[in-house]
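Enquirer: Take this structure, written in structure tokens, and hold onto it; I'll ask about it next.
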Amino acid sequence: MTNYFDKIEKVKYEGADSTNPFAYKHYNANEVILGKTMAEHLRLAVCYWHTFCWNGNDMFGVGSLDRSWQKMSDPLAAAKQKADIAFEFLTKLGVPYYCFHDVDIAPEGNSYQEYVRNFNTIVDILEQKQAESGVKLLWGTANCFSNPRYMSGAATNPNPEIFTRAAAQVFNAMNATKRLGGENYVLWGGREGYETLLNTDLRREREQIGRFMQMVVEHKHKIGFSGTLLIEPKPQEPTKHQYDYDVATVYGFLKQFGLEKEIKVNIEANHATLAGHTFQHEIATAAALDILGSIDANRGDPQLGWDTDQFPNSVEENTLAIYEILKAGGLTTGGFNFDAKIRRQSINPYDLFHGHIGAIDVLALSLKRAAKMVEDHTLQNIVDQRYAGWNGELGQQILAGKSSLEALAQAAQNLDPNPVSGQQEYIENLVNGYIYR
């Protein structure tokens with residue numbers, strides 16, 4: 001193992017009273033909550049792209065971060081060093097999983113053949129490092145949006161040859177994900193959308209991406225991949241409008257192409273913000289539609305119209321999110337992947353640890369608070385009582401299709417229904433009592 005982060009041996013749990021900045025205050029991996037350990041509930045992962053690939057650049061300035069592997073003249077040698085340092089970080093942080101795009105781990109090269117050679121070389125290395133460290137792959141994916149060839153989309157591109165190139169990348173990334181024991185495969189349509197309707201055929205592009213997803217499902221079954229396929233919703237950026245706008249939009253797409261039993265969603269907090277939703281809303285919607293798959297844990301800034309990908313730091317927001325997950329039975333193959341990056345001014349390499357440690361503690365404390373809410377059943381009792389009438393004779397007849405509009409119009413003549421309080425203020429006080437105890 002490399003010793004790039006030589007000031008740290010391993011991040012450990014020291015409890016809430018610890019003042020050690022390189023220790024967990026709330027994340028105790030083996031602590032049992034609602035019958036499962038914290039590690040089993042959260043299934044934490046570090047993302048390769050923001051953590052090991054980003055150099056600190058933005059739209060207004062070049063990279064600000066000093067990363068040795070980004071200075072090497074040989075791209076493949078740089079990728080090998082990056083893998084060494086990545087697994088040092090993962091091991092010292094003590095997380096069980098990581099995630100990657102194909103071109104995060106290996107250089108794309110100057111041809112498809114070179115891309116395949118480079119990718120397979122690094123997959124060999126990752127397979128060995130996983131075996132040595134015990135760190136596993138939560139999910140893999142293909143980057144079909146950064147290369148200029150994808151400026152007009154990948155699956156939705158007007159050129160079928162570019163569609164074909166994207167399919168080839170997904171083919172390789174899916175095969176690698178299976179080989180590495182990945183538990184999910186993610187599809188994020190970074191440029192599957194439009195800049196202007198003036199040059200866009202919406203029906204055609206929808207049919208193209210629908211067929212693309214059907215081919216992905218076909219390949220999953222052909223190679224015997226037992227993991228979960230996930231689409232990651234996002235409303236815009238980099239395109240003006242993206243076709244996977246939010247969870248509800250994705251569900252409508254899946255239904256149209258007969259994929260609702262094959263694909264679930266990977267929900268990112270910042271993408272919910274961009275779509276004008278709360279993180280809790282997107283999770284609750286996915287759970288209600290039976291497509292909740294995995295989580296990209298981060299936060300956005302409601303005052304900014306772009307993806308800031310900051311580390312999550314709100315116990316309130318994440319308690320409500322995890323409460324919805326626990327009510328839905330928890331995550332199965334999914335987990336909490338930190339799709340988050342340090343700030344451009346955070347130039348100390350150890351800032352990577354501070355960002356992840358703080359975020360992990362936020363999720364751990366949020367899990368404790370949400371679990372208590374589930375355990376006490378107080379909130380659920382209020383909801384159950386609110387809808388209790390639907391368990392009665394009238395409600396059951398309506399839901400069972402045994403009543404018509406005409407029959408209900410007749411029944412209404414003998415009714416004098418009265419509304420009851422929604423108790424929102426009381427419920428919000430209850431929730432605050434759990435969060436800030």
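Each residue, glycine too, has its Cβ placed from N, Cα and C.
Swiss-Prot feature annotations, pasted as is:
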{"type": "ACT_SITE", "residues": "His101", "note": "active site"}
{"type": "ACT_SITE", "residues": "Asp104", "note": "active site"}
{"type": "BINDING", "residues": "Glu232, Glu268, Asp296, Asp339", "note": "Mg(2+) 1 binding site"}
{"type": "BINDING", "residues": "Glu268, His271, Asp307, Asp309", "note": "Mg(2+) 2 binding site"}
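Describe each of these features in terms of where it is and what it packs against.
Expert: Secondary structure at His101 (active site), taken from DSSP and collapsed to helix, strand or coil, is strand. Taking Cβ-Cβ distances under 8 Å and a sequence gap of 6 or more within the same chain, the neighbours of His101 (active site) are Tyr48, Trp49, Gly140, Thr141, Ala142, Asn143, Ala173.
Counting only same-chain residues at least 6 apart in sequence, those with a Cβ under 8 Å from the Cβ of Asp104 (active site) are Tyr48, Trp49, Phe52, Cys53, Asn143.
DSSP classifies Asp296 (Mg(2+) 1 binding site) as strand under the three-state reduction. All chains included, 24 other C-beta atoms sit within 10 angstroms of the C-beta of Asp296 (Mg(2+) 1 binding site).
Applying an 8 A CB threshold to same-chain residues 6+ apart, the list for Asp307 (Mg(2+) 2 binding site) reads Lys234, Glu237, Asn270, His271, Leu274, Gly300.
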Enquirer: Take the C-alpha atoms of Asp296 (Mg(2+) 1 binding site) and Asp309 (Mg(2+) 2 binding site) and report the distance between them in angstrom, rounded.
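Expert: Per the Cα atoms, Asp296 (Mg(2+) 1 binding site) and Asp309 (Mg(2+) 2 binding site) stand 10 Å apart.
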Enquirer: May I ask for the distance between Asp339 (Mg(2+) 1 binding site) and Asp309 (Mg(2+) 2 binding site), taken between their Cα atoms and rounded to an integer number of Å?
Expert: 7
Enquirer: Check each residue in the chain of Asp309 (Mg(2+) 2 binding site) that is at least six apart in sequence and keep those whose C-beta is under 8 Å from its C-beta; list them in sequence order.
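Expert: When sequence neighbours closer than 6 are ignored, Asp309 (Mg(2+) 2 binding site) has His50, Asn270, Asn298, Gly300, Asp339, Ala340, Lys341 within Cβ distance under 8 Å.
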Enquirer: I'd like to know which of these binding-site residues, Glu232, Glu268, Asp339, is least surrounded, judged by other CB atoms within 10 A.
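Expert: Lowest Cβ count within 10 Å among the binding-site residues (Glu232, Glu268, Asp339) is Glu232.
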Enquirer: Note down the number of other Cβ atoms within 10 Å of the Cβ of His271 (Mg(2+) 2 binding site), including every protein chain shown.
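Expert: A 10 Å sphere around the Cβ of His271 (Mg(2+) 2 binding site) contains 29 other Cβ atoms.
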